[in-house]
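Engineer: The transmembrane segment annotation in TrEMBL covers 12-34, 54-72, 84-106, 112-134, 141-158, 164-188, 200-218, 238-256, 288-307. Per TrEMBL, the feature domain 'Sugar phosphate transporter' maps to 22-306. As annotated by TrEMBL, compositional bias 'Basic and acidic residues' applies to 316-331. The feature region 'Disordered' is assigned by TrEMBL to 316-344.
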Amino acid sequence: FFFATMPALDPFWRGVLIAYACVAAWMTSSGAVVLHNKWLMTVFNFSYPATMTMMHMSFSFIVAFIIIRVLKLVPRPEITNRQIWGAIFPIGACYSIVLVCSNYAYVYLTVAFIQMLKASLPVLVFFVSVAFGVAKFESQLLWTILVISVGVIVVTEGQVDMSFMGLVLQGVSLVFESVRLVMIEVLLKKQGITLNPITTLYYVAPVTLCCILAPAAIFEFQDLGKILGMVTGNPFTFLFNCSLAFLLNLAVFLIIGKTSALTMNIAGISKDVIVIAISTVLFAAPLYAKSCFGFVIVIIGVALYNYKKYKISMEDGKSKSQELDVAPMKDSDEDANSGSPANK
């Protein structure tokens, strides 16, 4: 609705407003999901992260199904079984690991500490991209990666009451999130699959749900009666939580489509700072000076990393454009010389 009400605006300003709206929606929904999940698992004592993630995926699939198959507001792309197993399933499996591990980490770690660790995600994405052959290794980025690594170490050392299990869970979540982001680019493009936010949820959510079913059954379904009692006794609380998760999934795909990776990284750092401040007040969680100092180092490292990546991409684009300009000139000179009377 917001996009449709701006046709009379200048195309440039319309694009700017859409980009800012997507960034604002993503920052708001992401922060709200983080804080509400933490509240559910600690204050509300719903310590079943896998089950909660299953509810998120079920709700997202049901809404996407209604939009696509019942209301027919969005066309459903035809995807073969080979494409499902070759592209959709690996992405959904990675996503299940990301969601379960990150939600379990909130049981052991503070929101502030987790957000500080998440700031290093762009570097992990870079290394995974190099491993997949999507990006080439740039030695110019080494020193910025070193700065970020030092910052993460300082953040970890400054966390006095840190849980090793929580740290491992969050580390696994970040690694598989990096793999998932790169796989989206590699597998979907390789298979020739084009999906919008709604169709992505329609296909990925059921796969993710099936993958989460096993850990939920092993670790949480022994308390199934308690889980059902809490959900049926507080339906609007869990409906609100699932709605936030659905809006976050939409916002993630919107911001990827409407803005650049640089914008998303900068917005991510801003969001992390805001969430850290709010969570510290809401949950009365301790915030250690050494960890804050390490987080500042991480932010500086990520900013330098983004700046160097931007410069490298600009230099590559400039060199390619020069090659394209030179090639036609050579061809035209050869044609002109071969066709001139003097040359004949």
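Including glycine, each Cβ sits where the backbone N, Cα and C put it.
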Engineer: Is the transmembrane segment (112-134) close to the transmembrane segment (288-307), in the sense of at least 3 CB pairs under 8 angstroms with a sequence gap of 6 or more?
Structural biologist: yes
Engineer: Hey, would you say the transmembrane segment (12-34) packs against the transmembrane segment (238-256), going by three or more CB pairs under 8 A that are 6+ residues apart?
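Structural biologist: Yes, the transmembrane segment (12-34) and the transmembrane segment (238-256) are in contact.
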Engineer: Okay, the transmembrane segment (164-188) and the transmembrane segment (84-106): do they have at least three CB pairs under 8 Å, pairs separated by 6 or more?
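Structural biologist: Between the transmembrane segment (84-106) and the transmembrane segment (164-188), contact is present.
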Engineer: Cβ under 8 Å, sequence separation of at least 6 from the ends of the transmembrane segment (164-188): give me the contacting residues as numbers and ranges.
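Structural biologist: For the transmembrane segment (164-188), the nonlocal Cβ contacts are 86-87, 90-91, 94-95, 97-98, 101-102, 104-105, 107-109, 114, 117-118, 120-121, 124-125, 127-129, 132, 134, 156, 194-195.
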Engineer: Where else in the chain does the transmembrane segment (141-158) make close Cβ contacts, counting only residues six or more beyond its ends and a cut-off under 8 Å?
Structural biologist: 113, 116-117, 120, 123, 126, 167, 288-302, 304-305, 308-309, 312
